[in-house]
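Asks: Relevant sequence annotations retrieved from TrEMBL are reproduced here:
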type     : residues  : note
DOMAIN   : A:96-298  : domain 'ABC transmembrane type-1'
TRANSMEM : A:24-46   : transmembrane segment
TRANSMEM : A:100-124 : transmembrane segment
TRANSMEM : A:131-152 : transmembrane segment
TRANSMEM : A:172-191 : transmembrane segment
TRANSMEM : A:226-256 : transmembrane segment
TRANSMEM : A:276-298 : transmembrane segment
Amino acid sequence: MASGNLSQGALAWSRFKRDRVGKASLTIALVIVLLAAFSPIILGILNLDAYTFYKDTLDPNTAGLPKGIGGISLTHPFGVEPGTGRDILARLLTGMQLSLLIAIVATTITMAIGVVIGLIAGYFRGIVDKFISTGIDLMLAFPVLLLILSLSNPLTQRLVSLGIPEGNPARVTYIILVLSFFGWTVIARVIRGQVISIREKEFVEASISMGAGPFRIMFRQILPNLWAPITIYGSLTLPSYVATEATLAFLGVGVLPPTPTWGAMLADSVSFFRVVPSYLFFPGLTLFAVVLAFNLLGDSIRDALDPKSIR
Amino acid sequence: MRKTAMKVGVVLASTALLAGCAAGGGAGEAGGTLYVLTNAEQILHLDPQRNYTGADMAFAGATIHRALVTYDEKGNIIPDLATDTGRTSDAGKTWEFTLRDGITYEDGSAIVCDDVKYGMSRSFATDVITDGPAFMVSYLDIPVGEDGASAYKGPYTGEGQELYDDAFKCTDDKNMVIRLNKPVIDFNGAFTLLISSPVPASADTGESYDDRPLASGPYKIETYEKGRELVLVRNENWDPASDPIRKAYPDQIVMEFALDPKVIDERIIASSGPDANAISYGIQLENLGRVFDDPELSKRAIDAYDPYSRYTAVNTKTVPCVEVRKALYYGLDRDALLTLAGGKFAGDLGDGVIKPNLPLDYKKVTGYDDLVVTGSKELATAWMDKAKTACPEVYAKATTTGLTFDYAVSDAADKVAGVWVSSLEANAGIKIVPNPIEPGQYYGIVLGDSQGDLSTAGWGPDWLNASTVVPALFTPDGGFDLSHAAEGDAEAYAEFADIVANGKAEVNREAQGALWAAGNQLAMDRVWVVPTRFGRSQYIHGTGVQGAYFWDAYGWYNLSTLSVK
């Protein structure tokens, strides 16, 4: 039993330390983030590059297919891409950098919008709440994927005309914006519910009676009590954005070639799965591992912060 | 002429022209059902005046439509509905044709001169009859109105009808006289396209004629459900004695639409049940090795040159600097492009827009003996150094904001764009910005105002004369001018315009060929396009299919001589 002297954070940490799945997934998630952050250095050591055509790995007597089993060798441990001979490990690592960047930025924006709107709706209630909740219902009714696909060209052009450089910067911005724009609704609903209950606590009433303004109460008094749901939902949103980004790239809304992303690699590898199965296997396995690790980590954080919640 | 289709499945064809192709076997057996498996949702156009894709012309022209003239197995022009291949007494300015006896539609009514005349008049209704060849509009002796378009607006409005009646005269039910605005000595080549296929005015349903055209060939449409299937059955009113080429062996032809390309390959390779009588429009890249390495499978496979020259056009208006264009030419890794297009099945390095399948017009392009197939850093950098002083603005654009590279998006095309980006960055220091475009809109966009600096394209001749290539690709009114040399490289274009004018007027075919070759050479000297590949295409058919061969003239199978078990 934890003693009453421990802070809430220390309590959560002690619970987390006893969760073996949590520790394992935290380790994997950290390794992934480090791999992404240091991918240029790692690739430098391996002497690999995501854009080089290693043509000697292709069999000239075929339609450009890799030699041996997917071109796997000591130099190319995950094999090479059919048709070009680009190294799959190098492209996975380079693609991971962008995937994680998009997921982290989009998650941050999503949480920020969701928390602020949830706070406002929960604190003011009444007509404000009704207005915001109806808005959220409307947002949820949109066929999001179709909208993202059909808006991609016009909106990317619009971003360019607003001064964001054409090409990948505009495309990455678009993906981050749409992920955040359609993602905040769930967070806002959760935060709203929490705020409604916290608002009734004595310390809030005390602040009100002492004449504190609504925004001071929201951000100074209530927000510090919300960090548990924020952490939990943040850690669960991140992997879902990694997967969504891959889905969008699979459907053609992604960065420009030759920049690699996991979704584009998966989309391309599907047609080769019969002749070069390794091309589908490694990107698929990596995406699976990353999403699973972050999801389990999110679950463990929730268990640690909120042990009473029912799984 | 014809553009390459930018989707899987429509391209194809041809070296047998040169080799004098081996037509398949002896006489086939009549009967059975031939299956055509395709990824497409429909045939782009069945309307004869709108059909302008090689493989679709091969299909419809061998089955439901007849034209004034057609190609035989070796690619020679032979009479079809007409009694000869056309007569001209004034070096190609006036053409006369006579129709055969015994030619009828599926309803038994006779095909008369007025039907051929009416069919061709439909080409002028450019708001209804879209996507078809525009040869009638540009060559018939009809004045041009103030808007630059023909003064004749087609049979639906009837505006300018008297002008058309004057240029195209039916002297009786059998004989016609067609007057052109300039001599075109091989104009009868245009009639191998289905624009000369007859359409009776009473049967014309305008835009919807595409779905149910009246058959003049050995087969007629029984059912046509887009996204599912097209069923052709025998046209009992077609008289074999009136037809010099179509043998019409199968009793029925069924085209199955909207199949996954992978499934098509697997079905034909397995060849079980009705699939033994199946053909398709190509083999997926990943199955090529499997098919051609297998002694049994390779027996029923075809590997042939197709009629298309692939290239990337350089918009000389936005890249008005031959030095930068040379750097593109020398810096590009063509070897990687060939590997991507299928390795040993990809074809040959292209050296221009005229392919060797036009023997009278093709001449090897000179001046690029120092070209390195994997791209040369040394030469590309040298040209960029020259560009720095010769045209600093274009140099700055190429190295900073970059040149946009238009392409019809697909997984394979994304990799092609990757080759452009990586090899030109490494070899020339040129920044390429890929601009992926939805395939169905691709040509609409690059032929319009939003064309980028570089646009991928492919072009094959309409008939065996580079008059359907060189002027089409580089003159402003040619219809497929992606380079805009008349504006962007005006000095060189002046010389080029003379060559084209002389070529169009030249009546000696060999002298004409030499002029086209000179035009091709000049375009390459000035790098109006960066040629990439003279492509090959591969096919496999089921075990029951007999007499299958590659019909170079159209770039697909010749269904006229094909039979099934």
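Here the Cβ of each residue, glycine as well, is placed from N, Cα and C on the backbone.
Predicted automatically and left uncurated, TrEMBL annotations should be read as such.
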Asks: What stretch of A:24-46, A:100-124, A:172-191, A:226-256 shows the most Cβ pairs under 8 Å to the transmembrane segment (A:276-298)?
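Replies: Going through each listed stretch, the top one turns out to be A:226-256.
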Asks: Any contact between the transmembrane segment (A:172-191) and the transmembrane segment (A:24-46)? By contact I mean 3+ C-beta pairs closer than 8 Å, pairs at least 6 apart along the chain.
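Replies: Judged by the Cβ rule, the two regions do not touch, with the required three close pairs absent.
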Asks: Which of A:100-124, A:131-152, A:226-256 has the most Cβ pairs closer than 8 Å to the transmembrane segment (A:24-46)?
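Replies: Counting Cβ pairs under 8 Å, the winner is A:100-124.
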Asks: The transmembrane segment (A:100-124): which same-chain residues, six or more beyond its ends, come within Cβ distance under 8 Å?
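Replies: Same-chain residues near the transmembrane segment (A:100-124) but 6 or more away: 32-33, 36, 132-133, 172, 175-176, 179-180, 183-196, 199, 214, 217-219, 222-223, 226, 230, 233-234, 237-239, 241-242, 245.
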